[in-house]
Structure formats: structure tokens, C-alpha cells
Amino acid sequence: MAITKQPERNNKVVKSSDAFVAPDINAFGQSFRDYNAESERQKGVEEFYRLNHINQTYDFVEKTREEYKKLDRVQMSIWECCELLNEVVDESDPDLDEPQIQHLLQTAEAIRKDYPNEDWLHLTALIHDLGKVLLLPKFGGLPQWAVVGDTHPLGCAFDESIVHHKYFKDNPDSKNPAYNNKNGIYKEGCGLENVMISWGHDDYMYMVAKENGTTLPEAGLFVIRYHSFYPLHKAGAYTHLMNEEDRKNMKWLHIFNKYDLYSKSKVQVDIDKVKPYYLSLINKYFPAKLKW
Ligand SMILES: [Fe+2]
Ligand SMILES: [Fe+2]
């Protein structure tokens, strides 16, 4: 998820050598993620975040992580999952009308064009949203608020930059004094891997990749795990919790993110044409069948 123009997010831009200026429209004249636009979806998106902010508590995330770490639901390959993802609708996204496999391939192909030698990043792009299968009944059929949308830390104060921040007042964690300050239960510089992040497709796919023994580099796993953590990579919040390793990986997250957002287009990727290339990457970095 991401947002280009919305009032509740502060507009502080993360400075990096890969600074990217967000265009208002894509090459096809379609606008991106304008949460203020008069759109039918806008109210739905706000309601989505209301439910997300009320229900994602520290305890909920801890229990859900524990449950999904078992990976005892499905066995399938990465490519099978790419195809399965077409059955999924992400209600939190105001500008994604194309089939999900097209979003995966458009993102991957756009990165491949600009970074031809980083094959791990092409594959990272292909698989970054596969965790959305959590919405399907055989993966537990989780509600939208537990699968998609921006993510944020639990166990410390909810930063003002989090979209539709006002709804946190009804989250039980807001009343927990241990969580209600900048560091909360964490130590400054503890590293993001030690921070509980709201549950969704990012953390699930990270878990699936890691537990199935992927050989993707750490930067790829970092991109998968934090690509929806907009308060961090867009607003620059929570950087005090990062460690040296996180700071190195942020470079790739910033690069990835602009493709995740701005490669969406009506021009479809020819799946049959690119499939052999992606199958070869899957074969290089993953076992043939994975536990989900
Ligand atoms: Fe995503
Ligand atoms: Fe995505």
C-alpha cells in the first residue's frame, strides 16, 4: 500500500541517494492512490483502516504469527501461488484493477529492465505480494484488515504518520502504558527483526520464504517483509528502531517501492513469454515445493 496524497500522513520524505519524485499520474494518464479523490472506493478504504487499527493488537499479531509459523496448510510451488493469487481482491488498494499476477509481473519486469543484473530483485518483486493468499479459505480466510494495507509496529506508540491514525483510539493497546511512548517495549537501535509489526501478507511471505530455506539475499527478504511499512519508508518514522543491517537494506526497499507503486499499468505482460525466465529464478532460489 502507499499513498501519494493524503492529509493524515506527514509529507516528510526519506532522503536517500535514490530519491524518487512521485508522479501524480502514470504514463497512461491514470492517477495513483489519491485517497482524497471522489471515488467509490475511498470510503471502503477508510473503513478498512478503521478495522485494521482497532483489531491489530500486539497480542493478535503474536498469536497469529505463532499459528502461521507452523506452515501446515498447503504445499505448492512459487509459480502455482502466483497463479492462485489471481483469485484474490485487495480492497485496501484504490488503484489496482488489474489481475494480481499482472501486478507481480509488471513490477518484476520494470525492475528487470532497470537493474538487469539483480536477478534476486526480479524474483523478490515477483513474489512480494504472494502472502495475500491468506485471504483464501484454505489459508485460513483471514479478513482484509489482517492481510493487506500499510503496516506499522505494535508495542510502542502509533506514529502520527500512519494512515487514518485517529482510529487507534479504539485499539486496546492505546490504553497500555507500556506501549504508549516512543520506544515502548523496545530498545533504540534494536533492529526491525525484533519489532512486532502488524500482521499481513508481508510478514507471512517473509516467513514462508525463510522457513522453506530460500537462498534469496537478506535484502530481498527485507524488501518482502517491510514493503507495506509505509510509516518507515515513506514518512521516515520508527528509524530509531533500526540497526546497521536495516539501514543497509533500506536502499533496496526504496528502490523496490517505486516500482511496486508506479509500474501499475493497463499494458499487460505476456505471461507465456516471461514465464521461463521466472521459473529459472524460482528454481535458483527456492525448493520445488514449499510449505505454506
Ligand atoms: Fe504488498
Ligand atoms: Fe505490490
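The backbone N, Cα and C atoms fix where each Cβ goes, glycine too.
Taken from TrEMBL, the feature substrate binding site applies to Arg33, Asp90, Glu91, Ser92, Lys132, Gly149, Asp150, His227, Ser228. Asp150 (substrate binding site) carries neither a helix nor a strand DSSP state and counts as coil. Around the Cβ of Asp150 (substrate binding site), the number of neighbouring Cβ atoms within 10 Å comes to 25.
Under the three-state DSSP scheme, His103 (Fe cation binding site) falls in the helix class. If you look up TrEMBL, you'll see His103, His128, Asp129, His201, His227, Asp260 marked as Fe cation binding site.
Highlighted in sequence order, Leu104, Thr107, Ala125, Lys132, Asp202, Ser228 have their Cβ within 8 Å of the centre of the Cβ atoms of His103, His128, Asp129, His201, His227, Asp260, the residues recorded for Fe cation, and are not part of that set. When the binding-site residues Glu91, His103, Asp129, Asp150, Ser228, Asp260 are checked against ligand 1, Asp129, Ser228 have a Cβ within less than 6 Å of one of its atoms. Within 10 Å of Lys132 (substrate binding site), as judged by C-alpha distances, no binding-site residues are found among His103, His227, Asp260.
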